[in-house]
Amino acid sequence: MRLHHRQRIYHRRRPYRAVTPASLPAQTRGGEWRRNWPLVILTALALTSSPATLPVYSIGVLTGPLEAEFGWSRATIQAAITFSTGLGFFGGPLGGWLVERFGVRRSILGGIVGLGGTVLVCAAMTGSAWQLYLLYAAMALLGAGAGAVSWTFLIADRFVRSRGLALGVALSGTGLAAFITPRIAVAGLEWGGWQGAYIWLAGFCLLLILPLCLLGLPRGTGGHRAGSLPETEPPRAGLTLGAAVRGHRFWLIGVATFCIYVAVGGLIPNLVPALTDSGLSQGEAVSIMGFFGLAIVAGRILVGFFVDIFWAPLVASAVLIPAAIACFLIQQPLEFVAYAMAAMVIGMATGMEFDMLGFLAARYLGLAHFARIYGRLYIFVALGAGLAPPAFAFAYDTFGNYGWPLTISAGLLLLGAGCFLALGRYPAEREFALSAQ
């Protein structure tokens, strides 16, 4: 009787069982992929038209035609990206709220309609730069539901044993956008000028990606208030948003993410001039950028594979520390092959940072309120990506070379590695406060 009484007290304190890799029904990595591979492919395709990729990768094609049509300077046109990426500061939390309030499926579908509709309205601009800025800001806000927050949650929720690799493959769609989006814009330009480019980009969202998502997104992926889980699924484990923000791990992940994004976000647009300053020709520097791009894809997939096997902070540090060393090497007079290898190491660090954010958030903070927590963590992404280019430009103008900016980038990468290592062991099952579904 005494033992039975103690058992009743224990179960009253823990009425729900945490869902972690150890407590899930046995399912192999192969089983996860056989069941969910269409969703991974859909995510990669859909992220080619997300609010974070479509404006960024199409603006380069549209700059010349808009300059010729309205007489805007190139700086004026490029400033539109500041509005679309800068509002990621609000778009991340908004996307997380939408997922919890309306569910993943409805958030994504609504976001695609909002993004595609706004892009279509861009074809009706009449010549005010503020029209351009407001429309690009609207892309970030109206398309927030179709952003990385929703898709990352969807993948993290359906993969446990192969979560890292699945995130790496799925989020490679952001890199695929660099190949697809400019070509769609060019085809639209040839069809109907700059208006045609916006129409074709909107059509890509509304006539291709939207139907694919209507057919491919699983039903029942709702928010907490909209029936997030089918009755047959166990409750998800994880911290509430308030508990996560009060804990040190949220801030360690956030600070590490910010440091890495400032470092690589400043390096990407400045790598070619930094290499030419080191003695390479323009053609050689551009060739190295090709290796850099391949390394981004490789970094996403390889790091995703290894974090499923080894402790993720150690894997991240094994990439970030060599990348910090590479920042110093780029400043030295080296051979072409050495520069290429250094750029590839930095490229791997660039590729892994976004996937690592989703993986660590799920592993250390849980899935119960993942969308809202990830949305808050995305603020660090937006801040880092937004501050990096002007900070690099200011440092170059101040010192007259890339020595100090590259040295600062190396320090930030090392600081990011230190923050990851400070996360400690993965939380045990009993450490997660369960959210009643």
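We count from 1, first residue shown onward.
Glycine residues also receive a Cβ, built from the backbone N, Cα and C atoms like all the rest.
So that you can see what the record holds, here are the features copied from TrEMBL:
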{"type": "TRANSMEM", "residues": "37-57", "note": "transmembrane segment"}
{"type": "DOMAIN", "residues": "41-428", "note": "domain 'Major facilitator superfamily (MFS) profile'"}
{"type": "TRANSMEM", "residues": "77-99", "note": "transmembrane segment"}
{"type": "TRANSMEM", "residues": "108-127", "note": "transmembrane segment"}
{"type": "TRANSMEM", "residues": "133-153", "note": "transmembrane segment"}
{"type": "TRANSMEM", "residues": "165-185", "note": "transmembrane segment"}
{"type": "TRANSMEM", "residues": "197-217", "note": "transmembrane segment"}
{"type": "TRANSMEM", "residues": "250-268", "note": "transmembrane segment"}
{"type": "TRANSMEM", "residues": "288-307", "note": "transmembrane segment"}
{"type": "TRANSMEM", "residues": "314-331", "note": "transmembrane segment"}
{"type": "TRANSMEM", "residues": "337-365", "note": "transmembrane segment"}
{"type": "TRANSMEM", "residues": "377-396", "note": "transmembrane segment"}
{"type": "TRANSMEM", "residues": "402-423", "note": "transmembrane segment"}
Candidates 37-57, 133-153, 314-331, 402-423; stretch with most C-beta pairs under 8 Å toward the transmembrane segment (197-217): 37-57
CB contact flag for the transmembrane segment (165-185) and the transmembrane segment (37-57), at least three pairs under 8 A: yes
Annotated stretches the transmembrane segment (337-365) and the transmembrane segment (402-423) touching (3 or more Cβ pairs under 8 Å): yes
Highest-contact recorded stretch vs the transmembrane segment (133-153), from 37-57, 108-127, 250-268, 314-331, 377-396, CB pairs under 8 Å: 108-127
Across the domain 'Major facilitator superfamily (MFS) profile' (41-428), average pLDDT on the 0 to 100 scale: 84
